[in-house]
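Working notes, structure below.
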Ligand code: TXA
Ligand code: MG
C-alpha cells in the first residue's frame, strides 16, 4: 500500500458553486487517477473511489483493511448513472427512489453489466444510493463517475462522523479528506433489497420500517430474518462482522440506573477504570471514571447523530470496561440498537 501525507480540504457546503470549488476539483482529480479519498455524506464519512476502476476498488479495501467478501455501496448524483450499473428497476424500487433519494436509503438491485465484481464481491446484485449531501453530490458530479464508498473507518471501528475521525483512522493511507464538518444522521443508511416488489431490510438505518411501508405499501416491507436470528446468515455480508467496537470491552445493560451503577461500582472496587455510555438526561446521575452522553434520550435522532463520536471518545479516555444503556427498538432506535449490539458483540446484562 502506498503512503500519503493526508491532506484536509475544508469545504463550506452552503457555498453555491461547489462543483467549481478548488477542493472539490482536487478531490475529483484524485478520483480520476483511481486513488481514494474521504468525503462527507449525510450519514457518515465515506471512503470514495471510482466504481468503474478495479484499481480504485482494490485501494478502498486495502486502506480500510476490509474483508474482500463484503460488497460496497455505489453512490450516484444523478439517476442517469443507473444505466449499466443496474439491470432493472422494479416499480417499487422506483417508488423508493422517488420518495427517499437523495437520502439515507441504499437499494440493492440486480447488477448491470458495467459493474466491477470487486464492488459486489461476486454477488448478482449491487447496492446503490444517492446521498443527500451537497459536497458528496458535487464530488460525484465533478468526477463524472459513480463512486463506490464504504464508511471511511478502519474495518471494525465505529464509522466516522467527522473529518477528524477519518484522520485518526486513515492518516497516511489516503491522499486527502474533504472536510465538510459533522455529518447529520450519524448512523449509516438503511440498506434494503428490492429486486422485485418486496422490500427486505438488510440493515436498519436512518429511514425507518414505518417510513418504507408508507411508500411501498402495508405488508410489502419485511426484515431479513438473519438480522434477528443468530442461526441464520444475514443477507447483507457486512452484518456478520464485529463492528463499531470501541477499544475497551463494551457491555449493554438492560435495567435501571441503580442496577447499572451497582455493576460499575463493583468493577471500580476491583480497581478498574469504567466508562458509561448514557444520554444527556442521565449523565449527571452516574459515578464512573468517564461518563459520556450521546444525545438526548427524548430525541432518538440526536442519539444516532452522536453515537459513534461517543463510542470513539472512550478510546481517548482510556477505560478498561464500558457499560452502555439500551434504547427502545422503535423508529431510528432500531438502528441505534443494531449498532450498539454489534459494538457490544451481543453482550447484554439484564436486570
Ligand atoms: O450511509 C452509508 O451507507 C455509508 C455512507 C458512506 O454512504 N456507507 C456504508 O458503507 O455504510 P459500508 O460499506 O460500511 O456498508 C455497506 C453495507 C454492508 O453491510 C454491505 O455488506 C452491504 O451494505 N451491501 C453492499 N452491497 C450489497 C449487496 N449487493 N447485497 C447485500 N448487501 C450489500
Ligand atoms: Mg461500514
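Cβ from N, Cα, C; glycine included.
The following features are taken from TrEMBL:
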- 43, 75, 129, 149, 189: L-threonine binding site (BINDING)
- 66, 70, 125, 151, 159, 203, 244: ATP binding site (BINDING)
- 21-207: domain 'YrdC-like' (DOMAIN)
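Sequence features annotated in TrEMBL and their locations in the structure.
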{"residue": "43", "record": "L-threonine binding site", "Cβ within 10 Å": "28"}
{"residue": "66", "record": "ATP binding site", "Cβ within 10 Å": "20"}
{"residue": "75", "record": "L-threonine binding site", "Cβ within 10 Å": "28"}
{"residue": "125", "record": "ATP binding site", "Cβ within 10 Å": "19"}
{"residue": "129", "record": "L-threonine binding site", "Cβ within 10 Å": "24"}
{"residue": "149", "record": "L-threonine binding site", "Cβ within 10 Å": "28"}
{"residue": "151", "record": "ATP binding site", "Cβ within 10 Å": "30"}
{"residue": "159", "record": "ATP binding site", "Cβ within 10 Å": "26"}
{"residue": "203", "record": "ATP binding site", "Cβ within 10 Å": "22"}
{"residue": "244", "record": "ATP binding site", "Cβ within 10 Å": "25"}
So among the binding-site residues 70, 189, who's got the most Cβ atoms within 10 Å?
189
DSSP three-state call for residue 70 (ATP binding site): helix, strand or coil?
coil
Given the binding-site residues 70, 125, 159, 203, 244, state which is nearest to residue 43 (L-threonine binding site) when distance is taken between Cα atoms.
159
Mind computing the max CA-CA distance among 43, 75, 129, 149, 189, which the record assigns to L-threonine binding, rounded to whole Å?
13
Spatial separation of residue 203 (ATP binding site) from residue 189 (L-threonine binding site) - C-alpha basis, Å:
8
Mean pLDDT for the domain 'YrdC-like' (21-207), as a whole number?
97
Out of 75, 129, 149, which of these binding-site residues is nearest residue 244 (ATP binding site) by C-alpha distance?
149
Less than 6 Å between Cβ and the nearest atom of ligand 2 is the rule; apply it to the binding-site residues 70, 125, 129, 149, 244.
none
